[in-house]
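**Student:** I grabbed these lines from TrEMBL:
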- 7-75: domain 'DNA polymerase alpha subunit B N-terminal' (DOMAIN)
- 73-95: region 'Disordered' (REGION)
- 82-93: compositional bias 'Basic and acidic residues' (COMPBIAS)
- 114-137: region 'Disordered' (REGION)
- 221-324: domain 'DNA polymerase alpha subunit B OB' (DOMAIN)
- 346-552: domain 'DNA polymerase alpha/delta/epsilon subunit B' (DOMAIN)
Amino acid sequence: MAPVSAESLKSELDMFDIPCSDESTLDKMVELCICSRIQADEMVLEWVAYSSSTKNGVKLAMDTLEQFKHEVLNKRKVKPSSRKEESHNRTRDINSLQELIKAEEEEDNLLDAYSTPAKGSQKRALTTPEHPHSKRTAALLTSPGLLLSPASFSPSATPSQKYSQRGGKGEVVVTFGAVQGTRWVGRKDPGAGVQLQLLESSEDSLRCSYKFMFQRLRDVRNVLTDKIEELGESLKSHFNIEEFSPVSLPAQDSMTVLGQVCCDSNGKLNAQSVLLEAGPEQGGQQVPVDLSELKEYSLFPGQVVVMEGMNTTGRKLVASKLYQSVPLPFYTPEMKMEMDEEPMNVLVACGPFTTSDTLTFDPLLDLISIIVRDRPDVCLLLGPFVDSKHEQIEKAQVTETFEAIFSRCIESIVDGTKSVGCHLVFVPSQRDIHHHFIYPQPPFTLPNLSKDQAQRVTLVPDPCTLLIDGVTFGLTSTDILFHMGAEEISCGTGSDRFSRILKHILTQRSYYPLYPPVEEVNMDYEKFQSFGQMPLTPDLLIIPSELRYFVKDVVGCVCVNPGRLTKGQVGGTYGRLMIQRNATSEDGKRASPCLTAQVVKI
């Protein structure tokens, strides 16, 4: 910033033909320029604007300058110096950070030396027993001596006291199937001979990232139309319906209509706000639905249904019967497989893998020790691994990039389970801050894995359908249970809410049947049509949620919510399953391959 002189101010004033012969007035203006950190031309422009804003104009004098200072200059925000801006804008390396912190701390110490200490100083000491230096230093600097362990991810590696003092470790909170006498261990050689692959072929599965944020409304409409027509055809053949009538056609007789449930406003769906939106083949119009004659129903926005009822005016459908979709068939292997001598042990855990008050990853270390102890054949690990909702992540109080934290986290899991030899499956989450938060979500990329490590690791998208030793697993880390639970309405069904929502997911044949989706889910509908649908009804559906953990058999599919590994500052739960393929009942009917399952506290 060039120094302001009386001559430069005089020339600027002459440009606007403003008389000023008094030297003391010019000196006062120079003083104001320096105090306000503005140049001569800017000062004169401010004065011209101020004087012209008054009724009769203001002459330049000492008393008017005082008034100008009070009304204009004192209200201006002081701009930081160019040197400071330059230091903030340039890319900082570790040395420049150290110099900056050292200079700021010296400045603080100098100010403290000149200030009078108050009685019982109110300034908090920025120290911890583990790190006697300030938090700012801890948050910005990383020590090269830190070990390659999850404890070094956080600037303050203080373990969570509530987590370490938790009770009920290893307590079984949910049981499914015949548990008595079950040994929760893997086979003699865990992971050996386990065939694990995505059910879809490599061409039909989501293998890598894709371009998003370009979606036309026409394409969304086409996807929704295809869904209505596809489910309509299955309902027509299953219930032997001859044809569907247009929803808005006035008729004195009972009619059968096909459409998608939606709400008449942006609010939550209720019994008075239900609309039925037909596909283009049935007129593509919306009609309000009167549910008063239905004895029982369970509806949510986006659900494809067939309704039977009267629409005498063409303006309201009085529904008398509701047909809901039917699930797809289960997987049948092309070749007859022999019965395994030993069942397969599968461990399921869902992030976050840290407590909310620290980034020490202690729960993850405990999970690794459980894997080493129980020696499961397959571990299904669902994100978030680096949780975007974590307080220290939100405030950027970390010592490394998010990608580096994730890589070290995965390396810790892979290296920690090396002695076990189990298969590891990693599923991304919308809450993984280092990954694309788009749905469907592409799999992680781990270029640093060695060949030996890569043989044990399978990276899959969210959602996906896995085939493990002839048993199909549906996996999604998106909390569709929570999202649908907030939107679903029901009357007289008699079943619990979880079972209803799970049945909807299976009968709508989609991992995310809700439309419109919640705000936090960024849906790409073209990819969703290809990768978000169920190719068949899975034998097991792994569907983690913030809601209470459970294991339920719904229309023959065993649905498992293992809970999250951490709940705030305390420990959460994980799931374990015993699977035996080709399990058939005595009467020859299909029996679930899931022999038994448990949800256990970490």
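Positions of Cβ are set from backbone N, Cα and C atoms, glycine also.
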**Student:** Considering every residue in the domain 'DNA polymerase alpha subunit B OB' (221-324), what is the mean pLDDT value?
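**Tutor:** Taking every residue in the domain 'DNA polymerase alpha subunit B OB' (221-324) and averaging pLDDT yields 92.
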**Student:** Is the count of Cβ pairs under 8 Å between the domain 'DNA polymerase alpha subunit B OB' (221-324) and the domain 'DNA polymerase alpha/delta/epsilon subunit B' (346-552), pairs 6 or more apart in sequence, 3 or more?
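**Tutor:** Contact criterion met.
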**Student:** Treating G and I as helix alongside H, and B as strand alongside E, what does DSSP give for the domain 'DNA polymerase alpha subunit B N-terminal' (7-75) in helix, strand and coil?
**Tutor:** 50 helix, 0 strand, 19 coil
**Student:** How does the domain 'DNA polymerase alpha subunit B OB' (221-324) divide up by DSSP, counting helix, then strand, then coil residues?
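**Tutor:** Computed counts for the domain 'DNA polymerase alpha subunit B OB' (221-324) are 21 helix, 40 strand, 43 coil.
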